[in-house]
């Protein structure tokens, strides 16, 4: 019974499957966009520490209500004794081990023991944590549960209470339960391969029998070796042991009614007897209880159900939802193992058989790859005699036939040969199985690709998926491309880009970038979500967030999807993805500089030091990329490279590369020779850069010199043209404007100093008014920066702008005081101090000098460090000053003198200048005021010595911050679309050249060369091993071929000799007899014609010989391929009789094997409304029952079919030519393409032809009538009568005396729109399907379509 708790666990299971929340918070309000790995690790560790006790309490309360055990409630003495000679019950337990009520007189007294009645469920008493005594402190999980426990409850326990992540692969290991020896090399390869598969991203679960013996011991030792050799970060391998509770030795140690936390388990292999110990290297144990003791195999049904349930679950990882794949790995094993893996293959589970491990595994591996016709009883008998020498003599012929049948089902087997890559074989086999068992055309390949992405195995994708067998369209790769981006798998992103995915088309189709966060979903399609920080990109104030159009609830992408993906990758700290996307960007220089800016801004918010350094290093790397691409461009063409610097990039907020570099403070890029050459050109305007500075200053002071040719211009028209354009070009040059500003500023300072020292009158003079006008004109000097309110914040970010504003405000304050007569003197003081601030502005001007500029910058940086030293110095000065003032001066109330005594005089004491009233040598009372009434004298100290007046204070030197250079704003150029496209194409071409050079340089590094050599050596070793295997296999094939040729030659010679003898040449005595073939060759001695007939018929008669009859519990008698024909003797053939009891008894033949009710049936003729003639011709009727003309099926009777003999069905193949929009017939591989009408029921995974059984006297089948309007019935009847008839065998429901046969009538190029079709059943779907070998149809329907396509010469 499933607990009610499970009904409420939907959200938890959804979270466990990796489903993203439906609502995503807006990260624009989150202060930190990213979180370092170290901080996440600390949070998780603290959660684990504080959550263990709570988890134990929850587990102790949940398990008794949902997990049960089984107890025998009725003691019946068994005829057998225990190993200790004690009397036991039929369940295997002693009387003392039963409950008290089981030994009392009971209502069942005298009855036989029945496990269904006498074993009852009750709350389990064994669960919790398990620790193996003496083997370290490794803690595992265990639970004892009933064999009837629902798999959903167990799965809930494992994922929710045991904390296991949902696996991305389920590995079921089966094989020999007893210890066996493996070759050391095979053991090593198997262990490495198995654990490597388990360590695939997302983790895999390994499920075994859990005991410390046989294959379970091998798996445990593999996990142990990995744990000892791996680091802590690689994580624990999840190994689940499913064992029988009644066969576990020392299981009493595990019984704790309230839970063992932990329970100590002792491994005692010497005293275990016929029981087994648990393996200490498993991490989790599921102990299946049926109430008995010492009976093995109890766990197998529950393990099968659990594995099937897990494989039906859906896991979502990286935006891709996949069903959990399962693979069965087989080592050694006996008959039980063969039965287990046969059932697994029947259920669609792929099996990997380890060759060389022994017994069953070697038998299967030896015949794997052979044609089915060659897997004969004689071959299997020979293999069994080799690998099962001990029990071969006890095997009956029927048992060998059954083995032959099961081994022959090799469609799901893969032999893991020695020398092969184990983990590769397992994953590839699982992927192939997932592909072959998915039923929707190209979607089967999609599922295999999704598995490869979930496992992060790009090597499998390259070798097994992106092959010539499947041509991928870019649109088909978009969902997995999104998953690769979300789950940060750059190798897959590269692979998809190599196979035709274009980022622009990808983003346009996906509509990526909604809301804020890392990932999300719209319906069933994953999408990227973008957190957009508010980062400014240029001096105009354009921010990163302003690039996106706002709409309610999300941020929508605009014009450039590659830019948006690049921003997403940078913000999500996905370095390799960002590199790949940047390589695909068009405006790559601007993109690299923008990335540098974003990373530097994000680093300011990062708290983790390591992450901060990584961001800054990555920002430098993108700056170097911009420099590298620009260097390539500048080397090829300087003019076009300079256009790239000034081109306005629409994608990056209508900014230029230079503006981005300046805003990001990428000084290395700005200092590049090409950039400096361009800035020099801009600096000199239309003047030649080789003009001397003295010439410029001379022409500034006397502009008529321009007419003398003293200044040269770059353009010839200005050099030889009229004077006015030359004057205009000269004075518009930035270098001239700058020097004019310098001269103007010097003139302003000189006039200001003159007014302060010479001409400062109560009433302002003309010179003073001129200063006022001059100063306030500076406010409007740069209206672009200061005239707009939205630029105020950007303007105040510069130190020199703040100094300007401070000087102007101080000037206004001094002017206000100066105009008030009572405050004339304070106003003069303020204006004098303001003059100092204006003089400091000269330092910013002088930074442009090659000599003074670096020194000023050095002083500016030095002052920042000196400030911290002065702060520490101030602490000592103030503390000393306060103590000195309190000791010497009593109750000083004047603030100015307190400041002088506490701060100033203490500061002078550092330099050895002691105040006179402290040393008392030259102290005089005339120099101080006894009561502190004289404002110009300090207060006298409390001392009898004559004080000496202190010297006047000297103002300390003020440190001045050095300005930084701000280059002149570069010009912007708006290019035409064609010119801009050509310029960007040229940039992309040179970017590819730069990337190739980078890759070449990377390969030339010694470390990379050593790594490449190591990889090549490993590859060569693998190739040599594979080559040796191929050679041995090729040699075997050549020997087999040679033997076959010799045998053919022998038969030909024998025929020649026989012909010569018949012609009278020679006598019969001298004719040598041909040597018989060995049994090991596996060849039957029937004539060649018989073998060929068997091969042809075998392909159509496989489904009818499956051991388990469809939709029933009836098991067929195993029929090997060579025993299918009725003519072949099969003495032990004893098939069961089975006839289904159908509801429509009036329409079917009688039930049972009695011949009297069947005597009235006329075979090989039309029997009333039933046509009992077969497409195969006249069939044999033996003992009143018809024989299947295809041969033996392993079953007598008619099975679930309605009639004895042939059961005809009609499958109409309604086709039309596939046409394009222009009406022309589409072609593929030169051949025309067909479309066929197919239907599908909602409960079925396959599409089918609209056919089936017909009513007596009717032409149209029932299913076709369901999808066709009644007015079209007559026309379709005519089409079917005129169509070509094709016959094929029926499906796998055939029996020995009843078989199915399908005939099909085709109608060609029927232009029937879907609106003329309808489905009476709402669960029925109908569509036109392109005819292709990968279409999702039933196998026999595909055979019909293949014949129809061949008939019309169409593509298939």
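From the backbone N, Cα and C atoms, a Cβ is placed for every residue, glycine too.
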Listed range which TrEMBL flags as transmembrane segment, given the options 642-664, 665-687, 734-756, 757-779: 734-756
Transmembrane segment according to TrEMBL, located in which of 803-823, 824-844, 845-865, 887-907: 803-823
Per TrEMBL, the range holding transmembrane segment, considering 692-713, 780-801, 912-933: 692-713
Range among 596-613, 614-631, 866-883 that TrEMBL annotates as transmembrane segment: 866-883
Per TrEMBL record, range annotated region 'Disordered' [choices 538-581, 934-977, 978-1021, 1110-1153]: 934-977
Local confidence of the prediction over the domain 'TRPM SLOG' (141-395), expressed as mean pLDDT: 84
